[in-house]
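J.: Taken from Swiss-Prot, the feature substrate binding site applies to Thr10, Lys42, Leu74, Arg88, supported by sequence analysis. Swiss-Prot lists Thr10, Phe11, His18, Gly89, Leu90, Arg91, Glu99, Asn124, Ser125, Phe126, Ile127, Ser128, Ser129, Thr130 with the feature ATP binding site. Residues annotated as site 'Transition state stabilizer' in Swiss-Prot, with sequence analysis given as evidence: His18.
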Amino acid sequence: MHTRAIYPGTFDPITNGHADLIERAAKLFKHVIIGIAANPSKQPRFTLEERVELVNRVTAHLDNVEVVGFSGLLVDFAKEQRASVLVRGLRAVSDFEYEFQLANMNRRLSPDLESVFLTPAEENSFISSTLVKEVALHGGDVSQFVHPEVASALAAKLKLAKA
């Protein structure tokens, strides 16, 4: 088990679904890099630095997990990090088509980079960052969907936005 894997995403914010997949990946691979994409086209609520910090807090108990922000092509980031595997999550069949296209594009751009798909635990299969932000925006309790530190950060971020 000498494989370096990257689990890429925007993580705006990191959810229990993401954390579940990170835990699973950490058991499968020697070293897991959580690649947090700058991704300005998604207009993230949290800055890249804030997202890196939140993911670091949520994954602090995992010795073989490293959190790194990046911009640019994922395949270039994977090469820089000497990773041979991309970990992707599949919540539902609806995720598969996009992930399949992405995996094929990544394979075309970097033939030695393998994509591995993991599914979250059933209780996390419906959670997305978008839904969590939507619930929080309307005053709902997101504590069952995110780590307590993420819930606090999200509440503070929304309070600032309303001020």
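Placement of Cβ uses the backbone N, Cα and C atoms for every residue, glycine included.
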J.: DSSP on Thr10 (substrate binding site), three-state: which is it?
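T.: For Thr10 (substrate binding site) - judged by DSSP and reduced to three states - the answer is coil.
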J.: Of Thr10, Lys42, Leu74, Arg88, which binding-site residues come within 10 Å of Glu99 (ATP binding site), going by C-alpha to C-alpha distance?
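T.: Of Thr10, Lys42, Leu74, Arg88, within range: Arg88.
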J.: Could you give the Cα-Cα distance between Thr10 (substrate binding site) and Ser125 (ATP binding site), in whole Å?
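T.: Rounded to a whole number, the Cα-Cα distance is 18 Å.
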J.: Going by Cα-Cα distance, pick out whichever of the binding-site residues Lys42, Leu74, Arg88 is nearest to Ser129 (ATP binding site).
T.: Lys42
J.: Where does Glu99 (ATP binding site) sit in the DSSP three-state scheme?
T.: helix
J.: Could you tally the C-beta atoms, other than its own, that fall within 10 angstroms of the C-beta of Arg88 (substrate binding site)?
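T.: There are 20 of them.
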